[in-house]
Amino acid sequence: MSFVAHPNIDPKSLGKVGVLLGGKSAEREISLLSGNGVLAALKSRGVDAHPFDPGLQPISELAAAGFDRVFIALHGRYGEDGTMQGLLEQLGIPYTGSGVLASALAMDKQATKRLWMTHGLATPRFAMLYANTDFDAVVADLGLPLIVKPAREGSSIGLTKVIAADQMRAAFEKAAGLDADVIAETFIDGAELTCPIVGEGPTAEALPVIKIVAPESNYDYQNKYFTDDTQYLCPSTLPDALEREVRALAVEAFRVLGCRGWARADVMLTRDGKPYLLEMNTSPGMTGHSLVPMAARANGISYEDFVMQVLAAATLDLHPNEHWKPE
């Protein structure tokens, strides 16, 4: 489906809606901001929307709440990694965004990168790090600088830019404190881009690319969400042909992972103009600093209209009629 300005969506047709926010991950604070923004947008359009925080409320209450569909505004583990999607499949409650497998794949950076590489999509070279890894050998193979990060965290949490070999151990330990799997990837020196995608399969399409200009090129957790020093360029100022190339790469990355509904591809652009995929976010931020609403606005779509269309596309991996029912 194409996302449009001023969609004709009857709020009553959406039924009773749960907005899942907060949760238990390291990105809880951002999820609360996203979820409250989504909740306010839905209520402003007359939707019968209610907050639900899995970090504070037992899952039994989710099952008993009588939601007809849910908007997943959770970020990170237990919300973006396939676990919540699997629970909602079991409950037969349609939900926004990607299904169980695509969510799990996209949350795991090494699985994502291996799949993209198999399909010939450009992504930085990488190695998995463990306590007994020969870090000097990794540096010799991949070169410096390197990015060391947890394989299953987002929002740059636990990430370190390593510029000297003797920094590897500390960078590994920082990331390993958050995830048993740690990834080191070649640092791409160039422009940071992001590109939202909406739809599914052959109907998937990219929204405008955003170019990110962060203070001292450091687009970390603080600069992503809590400062006004980062510049976001949308239109991206890229040449038209390069903008189209980045959009096409983002859409193909989305399709290869089996994503649906909406997502956001993060991309690095080398100084000679070659785009490299970094990761796919299947439950993007919807805060005041978030990028998907910005790209939507560039297409003439308000925050509220975008949220309504994401919610209207809520579905299940398995059609409700296919769910097994006891005799």
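For all residues, glycine too, the Cβ spot is worked out from N, Cα and C.
Annotated features, as they stand in Swiss-Prot:
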type	residues	note
BINDING	139-194	ATP binding site
BINDING	ASP266, GLU279	Mg(2+) 1 binding site
BINDING	GLU279, ASN281	Mg(2+) 2 binding site
DOMAIN	113-312	domain 'ATP-grasp'
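Positions of the features from Swiss-Prot, shown on the structure.
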| residue | record | DSSP (3 states) |
| --- | --- | --- |
| VAL139 | ATP binding site | helix |
| LEU146 | ATP binding site | strand |
| THR160 | ATP binding site | strand |
| GLN167 | ATP binding site | helix |
| LYS174 | ATP binding site | helix |
| ASP181 | ATP binding site | coil |
| ILE188 | ATP binding site | coil |
| ASP266 | Mg(2+) 1 binding site | strand |
| GLU279 | Mg(2+) 1 binding site | strand |
In Å, rounded, how far does the Cα of LEU146 (ATP binding site) sit from the Cα of ASN281 (Mg(2+) 2 binding site)? 21
Cα-nearest neighbour of ASP181 (ATP binding site) within the listed binding-site residues, ASP266, GLU279, ASN281: GLU279
Far apart in sequence but close in space: which same-chain residues, 6 or more away, have a Cβ under 8 Å from ILE188 (ATP binding site)? PRO124, MET268, LEU269, THR270, TYR276
Tell me the Cβ contacts of GLU153 (ATP binding site) under 8 Å, same chain only and six or more apart in sequence, or just say none. ALA26, GLU27, GLY76, ARG77, LEU178, ASP179
Spatial separation of ASP266 (Mg(2+) 1 binding site) from THR160 (ATP binding site) - C-alpha basis, Å: 17
Can you give me the average pLDDT across the domain 'ATP-grasp' (113-312), rounded to a whole number? 93
Applying a 10 Å Cβ distance cut-off over all chains shown, what neighbour count does LYS174 (ATP binding site) have? 17
Among the binding-site residues THR160, GLN167, ASN281, which residue has the largest number of other Cβ atoms within 10 Å of its own Cβ? ASN281
Within 10 Å of its Cβ, which one of these binding-site residues (VAL139, LEU146) has the largest number of other Cβ atoms? LEU146
Those binding-site residues of VAL139, GLN167, LYS174 having Cα within 10 angstroms of ASP266 (Mg(2+) 1 binding site): none
VAL139 (ATP binding site) to ASN281 (Mg(2+) 2 binding site), Cα to Cα, whole Å, comes out at 28
Please give me the CB contact count at 10 A for ASP266 (Mg(2+) 1 binding site), counting all chains in the structure. 21
Please work out the number of neighbouring Cβ atoms within 10 Å of the Cβ of ASP181 (ATP binding site), leaving out its own Cβ. 16
Just to confirm: which same-chain residues, 6+ apart in sequence, have a Cβ under 8 Å from the Cβ of GLU279 (Mg(2+) 1 binding site)? ALA106, LYS109, THR112, GLY154, ALA265, ASP266
